[in-house]
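Undergrad: Below is a structure I'd like to ask you about.
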Amino acid sequence: MGPLWLDVAGYELSAEDREILQHPTVGGVILFGRNYHDNQQLLALNKAIRQAAKRPILIGVDQEGGRVQRFREGFSRIPPAQYYARAENGVELAEQGGWLMAAELIAHDVDLSFAPVLDMGFACKAIGNRAFGEDVQTVLKHSSAFLRGMKAVGMATTGKHFPGHGAVIADSHLETPYDERETIAQDMAIFRAQIEAGVLDAMMPAHVVYPHYDAQPASGSSYWLKQVLREELGFKGIVFSDDLSMEGAAVMGGPVERSHQALVAGCDMILMCNKREAAVEVLDNLPIMVVPQATALLKKQQFSYSELKRLDRWQQASANMQRLIEQFSV
């Protein structure tokens, strides 16, 4: 599979989608709420994506929970990460949440949810209650449980947004945030610990500039991705860019420049979403590349949604997540 992830417009593939998915540089499709009508339609869409690609291809979605849950009707509701630490049995619930989220996606032939968020603190507009906590130990304890749940059912894990997005106020979807702190050691401690624990299969860097360290956003910085992530922290998994169509990546230039910089800096796979013309421009201008190690991120189990819903574990987890949402939602 190639390095580029892109999106499709609707519930079914268009003729253009089918053609573009055969391009050797395409390695993944990220789905959005607009791609989901019901459970059977989603299964049919994912089957069509895999058939059109004619080779292994990754299918992913942002389904971490709370406001970032693309598939809702017909799926269990997953709470925002912040809620787990507020509950008495929060660690147990976080593991159930990770398992439930991953299991329901796998039952619909989705390989990945880009999760969990390992950022610390609730102040950032882009992160907020997507964070597990405001201190290192709270984030580590509950994210570790969430990761265990994901892995137990066969889904690869993605830590984000390296080296820490939680302390900036600005939203990288809308602008390039600058983290002016002289040290981000506390934020980094979370990523370091999870890398050392061997529980992260992939990493997604932030579209954030940390000027005391490097002038480029982490997503396009060889300092962060090669020197720190690979060499200092010893991370061996796949590195995804965040969506390069976000305004946070604009400091790297146009679509082709952003993609080239991210790949040269150390990203293995890049996301270009919601701008088909930009994705086509990237495909037309990037050299043909393959990322054979990315096949390790394909889902490890296969089962139907009806089989899953018969499990006591599913019934308990789904009910517990709903109760947690009702308990803490204002």
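Counting begins at 1 with the first residue displayed.
Each Cβ is built from the backbone N, Cα and C atoms, and glycine gets one as well.
Under the heading active site, proton donor/acceptor, Swiss-Prot lists His173. Taken from Swiss-Prot, the feature active site, nucleophile covers Asp242. As annotated by Swiss-Prot, substrate binding site applies to Asp62, Arg70, Arg130, Lys160, His161. According to Swiss-Prot, the feature site 'Important for catalytic activity' maps to Asp171, an assignment based on sequence analysis.
Tell me about the surroundings of these features in the structure.
TA: The DSSP secondary structure for Asp242 (active site, nucleophile) is strand.
There are 25 other CB atoms within 10 A of the CB of Lys160 (substrate binding site), with all protein chains counted.
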Undergrad: Taking only the Cα atoms, work out how far Asp242 (active site, nucleophile) lies from Asp62 (substrate binding site), in Å, as a whole number.
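TA: Answer for this pair: 11 Å between alpha carbons.
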Undergrad: May I ask you to report the DSSP-based helix, strand or coil state of Asp62 (substrate binding site)?
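TA: In three-state terms, Asp62 (substrate binding site) counts as coil.
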Undergrad: Using a 10 angstroms cut-off on Cβ to Cβ distances, just flag whichever of Asp62, Asp242 is the loneliest among these recorded positions.
TA: Asp62
Undergrad: In terms of DSSP three-state secondary structure, what is the assignment for Arg70 (substrate binding site)?
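TA: In three-state terms, Arg70 (substrate binding site) counts as coil.
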Undergrad: Work through the binding-site residues one by one (Arg70, Arg130, His161) and point out the residue whose CB has the fewest other CB atoms within 10 angstroms.
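TA: Each of the binding-site residues Arg70, Arg130, His161 was scored; lowest Cβ tally within 10 Å is Arg70.
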